[in-house]
Amino acid sequence: MSQKTAGKDYLTMDDVELDNKRILLRVDFNSPMDANGNILDDRKIKSHLYTLRSLENSRVVMMSHQGRPGDKDYTTLEAHAKLATELLGRKVTYEDDIFSACARNAIKSLEKGDILLLENTRFYAEENMNRAPEEQARTQMVRKLYPLFDVFINDAFSVSHRSQCSVVGFTEVLPSVAGILMDREITGLDKGLKCHEHPAVFALGGTKAKDIVKVISDILKRGGADRILTTGVVATVFMMAIGIEVGEVNRKFIEDHKYLDQVSIASRLLKEYSGKIIVPKDIALNNDGKREEVKVDKIKGDLPIADIGPETISDYSKFLKEAKLSVFHGPAGIFELESFRLGTEELLKAAAQSNYSIAGGGHTLAAIDQLGLESKYSHLSMGGGASITYLSGEHMPGIEALKNYASRCCKD
C-alpha cells in the first residue's frame with residue numbers, strides 16, 4: 001500500500017514504484033501557435049521535462065490538449081511531439097488518435113524508456129464537459145484506456161481547475177499521484193496561501209477582468225490580502241466603479257468584452273472592503289504609439305489606456321517592497337510595446353524584493369524572463385489562471401481528485 005509523503009495529503013512520484021511501469025501522464029502542452037502550426041513559446045513543454053526525465057525507465061503515454069473547439073490554435077499535437085523530442089533529447093512518438101484500436105495497440109507495444117503522445121484530448125467531445133470524477137470514469141476515453149496502465153500521474157496543474165475526464169476520470173480507476181511540476185506548484189503556492197504574515201499584497205492586472213474580479217472577491221472574502229493593487233483592464237473596471245470617466249475608447253473596450261457587469265461587482269467590493277482595493281492615481285495613454293501620462297481625472301476620450309503612471313508606479317512599488325507576501329498576476333500595461341512596459345517592469349522589480357514572492361500568467365512570466373528576474377522570485381507559477389484560482393482558495397477538481405485517491409488508498 002502506498003504511503004503519503006509527510007505533510008502532504010496527496011501522493012507524489014516518490015510514493016509509488018514507477019520502474020518499468022506503464023504510466024499515463026497528463027501534461028499541459030497547450031501553447032501559442034502561429035498560422036502555420038508552429039509553436040511560438042516552448043515554456044509549457046519545458047516545464048514537464050523534469051517529470052519526463054525521472055520516468056526514463058518507464059513506459060510513458062502522455063495526454064494533453066491544444067486550444068478549444070472553434071479556436072484557431074485548436075489543432076493536432078504533432079508539432080508538440082517534435083518539439084518535445086528536441087527539448088528532451090529522446091524520441092517522443094506522436095499518435096494521431098486517443099483511444100482507437102490503433103492507439104491502444106501503439107500503447108501495448110511500448111517498451112521500457114518509450115514515450116508516446118496521444119492526440120489532442122479535446123478532439124474527444126466528452127473531454128470538454130466538466131463533470132464529477134465518478135461520471136468521468138464512465139466515459140469511453142477512461143474505460144478504453146485505463147486497463148493499459150499501472151499508474152496515472154497528473155502533472156498538469158494548469159488545467160486542474162477543470163473537472164474534465166483526462167484530469168479527474170482516471171483517479172477513480174488507477175493509482176494516482178502528482179507529477180514533479182504539479183507537486184512544485186502546490187508546494188510553492190501553498191506557502192503563499194497559508195502565509196499568516198502581513199502585509200499580503202496582490203498586484204492583479206491583464207485583460208481578463210471577469211476572472212480577476214472574481215478572484216479579488218474570493219481572496220478578500222477569505223481574508224487573504226491586505227492590499228489589492230489593480231492594473232491593466234482590471235484597473236479600468238475599478239476606475240469606472242468609482243465614477244472615473246475613462247474615455248469613450250476605453251469604455252467601448254469594456255462593453256465589447258462584456259465586462260460592464262463587472263463594474264457593479266467592483267463597486268460593491270470597493271464598499272465592502274474599503275481601503276483594501278487600490279486604484280491608479282495616474283495612467284499612461286497611447287497617443288499614436290507615444291506615452292502620454294495623465295491623472296485619472298484627465299483621461300482623453302479617444303486614447304486607450306496602455307499603462308499605469310509614475311505616481312501609481314511609486315505607490316504600488318512601495319506596497320510591494322514592504323510586503324511579506326506578494327503575488328503578481330497579469331501585466332500592468334501593454335508590455336509588448338516598449339513605451340508601455342514601464343509599469344510592469346517597475347512593479348515586477350519591486351515585488352521581487354518582498355519576503356515571499358509569487359508570479360504567474362504567461363505575459364508576466366515572459367516579462368520576468370526578459371528582465372532576468374527569474375532567480376529573484378520565490379515561486380514562478382506555470383499555472384496561468386489555475387494558479388490565481390488556487391490562491392483565491394477556490395476548489396481545484398484535479399487536485400481534489402488526487403487527494404481523494406490518496407485518502408482512499410492510504411486508510412489504515
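Glycine is treated like the rest: Cβ placed from N, Cα and C.
Within R122, R222, R227, R251, the residue that Swiss-Prot lists together with D28, F29, N30, H65, Q66, G67, R68, R162 for binding substrate is R122. Here Swiss-Prot has G361, G362, H363, T364 binding ATP, and the candidate from E336, E338, E394, E400 in that same listed site is E336. A straight line from the CA of Q66 (substrate binding site) to the CA of G362 (ATP binding site) spans 15 Å. Neighbour density around each Cβ, counted as other Cβ atoms within 10 Å, peaks among the binding-site residues N30, Q66, T364 at T364. Note on proximity: of the binding-site residues D28, N30, R68, R162, the one nearest E336 (ATP binding site) is N30, by Cα distance.
The Cβ neighbour count for R68 (substrate binding site), using a 10 Å radius over every protein chain in view, is 11.
Residues within less than 8 Å, Cβ to Cβ, of D28 (substrate binding site) and separated from it by at least 6 positions along the same chain comprise K44, H48, S64, H65, D155, A156, F157, S158, V159. Comparing local CB density within 10 A for the binding-site residues G361, G362, the maximum falls on G361.
One way to see the shell of the substrate site is to take the Cβ centroid of D28, F29, N30, H65, Q66, G67, R68, R122, R162; the remaining same-chain residues with a Cβ within 8 Å of it are S64, N120, T121, V159.
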